[in-house]
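Heads up, the thing below is written out as structure tokens.
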Amino acid sequence: MFAWAVHAVGIRKQDLLSYLITIMLIQLLWMLWYICRSYSQRRLIQEKDTHAGARWLKCGITLFAVITLILDSFKIGFFIGFSNCLSATEGIFPVTHAMHTLFQVYFLWCHAKDIIQSFKTLERFGVIHSVFTNLLLWTNGVLTESKHQLNEHKERLITLGFGNITIDDHAPECNCTTTLCSIFSQGIYYLYPFNIEYHILASTMLYVLWKNIGRKVEHHHQHKTLFKFHGITVGTIFGLIVLISTIGIVVVYLIQIGGSKIQSELALTMFYVYAISVLTLMCAAGIVALFIYRLEERSMDNSKNPARKLDADLLVGTASGSWLLSWGSILAIICAQDHPKYTWYNLAYSILVIIEKYIQNLFIIESIHREQEKVNDDIKTLRILTVSNGSTLSLTAADLDNGKLPYMFNGDICVRDRIGDDGVDEVRSQASSPVAHSTSDFSLYSQNTVNNKRRLLKNIAAFLFLCNLSLWIPPAFGCRPEYDNGLEEIVFGFEPWIIVVNLAMPFSIFYRMHSASSLFEVNCKT
């Protein structure tokens with residue numbers, strides 16, 4: 001793959017595709033073996049990891065897989081149109097990839113929670129081969145999409161008057177036999193971001209399956225994490241405003257950038273100002289959430305959990321991509337001799353990217369490591385109305401468990417205490433008093449405080465979830481100021497900076513999608 005990327009002599013595209021087809025077929029054979037063996041042994045009790053393969057995660061990977069199948073169909077249509085001058089591997093590859101996608105999604109739906117205890121050596125090979133097959137397919141998608149983005153960037157530079165720039169043209173050398181080839185060729189690159197997310201998400205789920213092979217399960221009570229829209233209206237509304245605004249900013253940016261020098265500078269300024277505003281709001285929301293956590297006294301869950309550990313590692317690891325780009329931009333601004341107006345916006349934007357991801361990582365990691373909140377027995381009270389004056393008495397669940405039952409006597413509330421096993425009961429009559437009011441009011445105040453904190457955290461998680469989806473859109477669909485502002489290219493040189501961007505940008509894109517999925521889980525657990 002690297003040899004093809006640098007145009008090494010003797011390495012053709014069909015050689016790369018043949019290699020990828022081979023490793024996909026090996027994974028297909030292993031998945032068929034595992035599915036058949038699991039079906040034949042379906043009566044055996046198998047251990048399951050309840051933390052792995054959440055339903056919402058499976059639904060997400062299914063959505064990406066459906067769009068990936070559309071991408072494969074576009075590639076097949078493109079191959080049919082240029083079949084006279086394309087290698088047969090370019091038609092076999094999308095067909096094999098479509099079969100691989102269908103089988104893998106079925107496999108992950110049915111077996112993502114499995115804890116394998118038999119044929120462990122063979123299964124370790126099969127699962128880790130599947131992990132790296134998806135990573136290679138992800139790398140291939142990133143490489144192809146990056147080449148396309150770089151060619152578009154070079155075309156904009158040529159439009160602006162830069163010379164001595166060559167464009168890597170991989171267009172077929174024959175005419176298309178259908179009228180849909182242009183639609184297929186353009187549509188393919190708009191679908192690549194979803195294909196890239198599909199493969200990296202599949203590789204993470206398979207990695208958790210690999211880590212669970214031979215693992216001894218620690219049985220804990222698993223709380224169901226259900227998504228409820230009720231109570232997150234404010235966060236959702238603000239998040240949707242950010243999402244809709246982002247789409248509009250991206251459309252305007254792509255139209256304006258490269259038109260002329262003035263239009264390009266205006267587009268960059270618009271993007272930086274908007275991104276600074278969004279990142280500032282995200283930082284503020286994250287700080288408020290962390291402050292709420294500091295006021296709570298909930299213990300941390302430190303039990304062994306491969307899925308949770310992988311989430312935290314990916315958050316920190318993939319954030320390093322955008323941190324590298326941000327530090328590069330900051331260094332370029334410091335070292336540059338000339339500073340256009342948008343440069344200072346770029347400085348604030350780069351600093352905020354570093355701070356925002358640090359705060360967000362702290363919030364998410366602390367959220368997923370906190371134990372599920374248990375309802376306090378002191379808050380679970382029964383309010384009993386008296387006939388005499390309508391006053392209330394707070395009775396805790398612990399009192400009920402100890403056999404204290406209230407009943408009415410002459411308009412007062414009486415509590416029966418059981419004393420020993422001889423059946424003798426002592427009846428105490430309690431008139432309604434201010435103490436009863438105080439206890440009930442305190443319980444209701446505590447419950448309202450907990451509910452308000454939980455509601456605020458859920459709204460913050462919903463807002464950050466939509467903001468991360470919004471910030472995923474610009475780099476995924478070609479809005480990349482790291483390419484277009486030109487400042488870093490002048491300081492570091494064109495080729496070194498482009499290499500840095502092409503290496504770091506995929507991690508930055510994945511970080512936003514992974515953060516969104518983690519924040520969805522935080523919202524469900526809060």
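Positions of Cβ are set from backbone N, Cα and C atoms, glycine also.
All TrEMBL annotations are machine predictions without curation.
Here is what TrEMBL says about this protein:
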- 16-35: transmembrane segment (TRANSMEM)
- 56-80: transmembrane segment (TRANSMEM)
- 92-109: transmembrane segment (TRANSMEM)
- 121-139: transmembrane segment (TRANSMEM)
- 189-210: transmembrane segment (TRANSMEM)
- 231-255: transmembrane segment (TRANSMEM)
- 271-293: transmembrane segment (TRANSMEM)
- 314-336: transmembrane segment (TRANSMEM)
- 342-359: transmembrane segment (TRANSMEM)
- 460-478: transmembrane segment (TRANSMEM)
- 490-511: transmembrane segment (TRANSMEM)
Cβ contacts under 8 Å made by the transmembrane segment (231-255) with residues that lie 6+ beyond its boundaries: 267, 270-271, 274, 278, 281, 455, 458-467, 469-471, 473-474, 477-479, 523
Candidate ranges 56-80, 189-210, 342-359 - greatest C-beta contact count to the transmembrane segment (490-511) (under 8 angstroms): 189-210
Same-chain residues at least 6 beyond the ends of the transmembrane segment (92-109) whose Cβ lies under 8 Å from its Cβ atoms: 17, 20-21, 24-25, 27-28, 31-32, 34-35, 53, 58, 61-62, 65, 68-69, 71-73, 75-76, 79, 130, 134, 137, 198, 202, 205-206
Non-local residues, at least 6 beyond the ends, that sit with Cβ under 8 Å of the transmembrane segment (121-139): 1, 20, 23-24, 26-27, 30-31, 33-34, 97, 104, 196, 199-200, 202-203, 206-207, 209-210, 213, 506
Contact check, the transmembrane segment (460-478) vs the transmembrane segment (314-336), 3+ Cβ pairs under 8 Å, seq sep 6+: no
Same-chain residue ranges lying at least 6 outside the transmembrane segment (189-210) that approach it to Cβ under 8 Å: 49, 52-53, 57, 60-61, 64-65, 67-68, 70-71, 74, 101, 104, 108, 111-112, 114, 116, 124, 127-128, 130-132, 134-135, 137-138, 141-142, 144-145, 148, 306-307, 310, 314, 476-477, 506, 509-510, 513, 517
